[in-house]
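What Swiss-Prot records for this protein:
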| type | residues | note |
| --- | --- | --- |
| CARBOHYD | ASN139 | N-linked glycosylation site |
| INTRAMEM | 300-320 | intramembrane segment |
| INTRAMEM | 488-508 | intramembrane segment |
| REGION | 599-620 | region 'Disordered' |
| TOPO_DOM | 1-98 | topological domain 'Cytoplasmic' |
| TOPO_DOM | 161-299 | topological domain 'Cytoplasmic' |
| TOPO_DOM | 321-385 | topological domain 'Cytoplasmic' |
| TOPO_DOM | 442-487 | topological domain 'Cytoplasmic' |
| TOPO_DOM | 509-699 | topological domain 'Cytoplasmic' |
| TRANSMEM | 99-119 | transmembrane segment |
| TRANSMEM | 140-160 | transmembrane segment |
| TRANSMEM | 386-406 | transmembrane segment |
| TRANSMEM | 421-441 | transmembrane segment |
Amino acid sequence: MSHEDRGGDYYPMMDDPEDRNFIQAKYPNSTGHMSSGGGSNHMSFDDNHGIEMLRDDEHSLLHESPVSIPAIHNLDSFLTDVYNYFRGKGFMCIFFNDLFELVSSLFVVLFFTFLVCFVDYSKLFSEQMPPPALRESVNFSAPIPIWLMVFLVIFSLYWLSKLFSFFSSIKTNWEISSFYKNTLKINEDDIQTIEWREVVSKIVLVPRLCIVKENMNALDIANRIMRKENYIIGLINQRILNLSIPFPFLRNLTFITKTLEWSLMYSLFNYIFDENGIIKSEFQDPTQRKRLSRGLSRRFMTIGILGLFTTPFIFFFLLINFFFEYAEELKNRPGSLFSREWSPLARWEFRELNELPHYFQNRLNLSYSHANQYVESFPSQMLSTIAKFISFLFGSVLAVFIVLGIVSDHFIMNYQIFDRTPIWYIGILGTIVAITRSLIVDENQVFQPAKHMARTVQNTHYLPMSWVGKTHTHKVRDEFLVLFEYRIVDFVRDIFSVLFTPFILIFSLPKSSQAIIDFFGNNTVVLEGVGPICQLGDFSNIRKLGDNSFGSLNHSQNKISLTNNAKLEKSIINFKCLNPEWNTDNNELLQNLNEFSKIKNNNNNNNNNGSNNHIGNHSQLPTTSVDDFQFIHDSHYIPHEIIDAVLGTHHHSQQSNNNAPRFKTGRVDQNILNAVNDLHQSFYESQYKHKNDNFVNSI
């Protein structure tokens, strides 16, 4: 198959050194550059116990060795397509998902146009008997308003571009399907249930997939797929982006929406990265930063000004799309819009470096029930009392209408009450009753906010120092609700962000341009076989980049390079949990944690032998309320390190024991166990018998 036939993503394998050098020179994305950071990790079935654990039986997919393929000149794009294919669950699922998305958007616009232009509502709502036929109420010869015509033209251009992308993706996905089937030996049925770890384990065994590194590893693949996203995670973590609304009384509101995300990434990625997804060399030149900063500011303002012209149409489209998407759900489940979900800002706060989207989504999914239980631990008795009263009044009337409707169909369809039939009142009353009942406090609910927060932290890996020991307070709850908000609030913000985003781009983000350029320049390193990446994703320079309050060994004074809330440490541990085969022999952080864990275990054993004030492995809590003891009793689901972190008892237990180890590790044990708890719901659950500190000893 020729280069043209393969869609331009493949190059024939070249054994000649001159040809190899040609590819390296022309496509740095596939070659990378040599540096001291990173290193190859040779993987085989014989010396890698992580892969052995993946084998459920002797017929595991891993028994079939991948075959060689032609060298690929844009390995980032190829691996991203491979991952998206895995996430989309195969060719047919991706095909129909994209097709239905196209058809749905077209249907929304055409149906709305039909309702606005061609329906004669004067005849439709007339009271003449018999009612007019449908053809009398529809007039396809009616003129289309100018504003709607402009909207339809803009939408048509957008829809045609999506259609072109759809046909282009068919060819790409077909090639990726062949790669899965012929090279990785994974068929369409297995792609529905296979773990990404197993896909990675097969990818790294494909001969000569990367022409400048003999063996890729899981970290190389993650860094290629998330080459750009790691920079965004770092920018959010270090609070570099100015996302405030530049209006009086709104300047303290900082939020991220889908519209703002798209605008920000479009502004940055097309400016900073080349066509192969590699950061341009000029951004690593300190003498060019002033010029690049001015250019980025102009780019923000230009995109913001263009956004002002498209704002009415995007706002209009989102509004009608919301109506068609949620009307049926609002009718059948009125309370669903008042369910809660993590805000986009919270998602970026929780997202860890080199954490692929499906892993991250799994963490969020596991956290929802516990987060809701935490919020419900702060009931408003007054609101509940009012809601119960309203529900009783309207529910009584609703019950009468339903009973009368069962007795007589004529009553429910024709009887007039203030010019409305009972069926209309049933719909309104049913909605009110559903909403008010969702606000009534469960009488059997037990107040245990600390326990629910601990379980939430297990999955979000997010616990600010200001929350420790205060999770029962309304102050912490209010801060938590900023991150965990109503769905309807999220949608309303998305709608109005279309109005605010252009002004944020024009007035707020340009103030961050210099800091953004400095961040990209200061935080770009070259990883062997991968090329220029965000140094936070390298997972090697812990002393310079880590958070010393979380045991990172950090002694650097360069504030722009530091991470907050142990982002780097948590990311390393989480990545190790998700990829046990990743070689970490030279990782300072994991070596330090291993030593800390051993000493901590020895210290705990000594404490247990010499003290009677322990329940299991837990030090006596500073308080002795019934809730605390119940929390201890239930803590076999939650590692005691997380309990200590949430209740703020870690330092108390250290003060009670003068022989406790005095590492510069702060609450590092909480971070270890946060990540280890991911294993509880993972593929490896059955493989690990010791899910807590024993896991760290085995790293």
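Count begins at 1; order follows the chain as displayed.
Each Cβ is built from the backbone N, Cα and C atoms, and glycine gets one as well.
Listed by sequence, the residues of this chain that lie at least six past the ends of the transmembrane segment (140-160) yet keep a Cβ under 8 A from its Cβ atoms are 102, 105-106, 109, 113, 116-118, 310, 313, 316-317. Tertiary proximity for the intramembrane segment (300-320) is limited to same-chain residues at least six positions away from its ends with a CB under 8 Å from its CB atoms, namely 108-109, 112, 150-151, 154-155, 259, 263, 266-267, 494-495, 498-499, 501-506, 509-510, 513. Note on the topological domain 'Cytoplasmic' (161-299): mean pLDDT across this stretch is 90.
For the topological domain 'Cytoplasmic' (442-487), DSSP puts the residue distribution at 26 helix, 3 strand, 17 coil. Broken down by DSSP into helix, strand and coil, the topological domain 'Cytoplasmic' (161-299) contains 84 helix, 4 strand, 51 coil.
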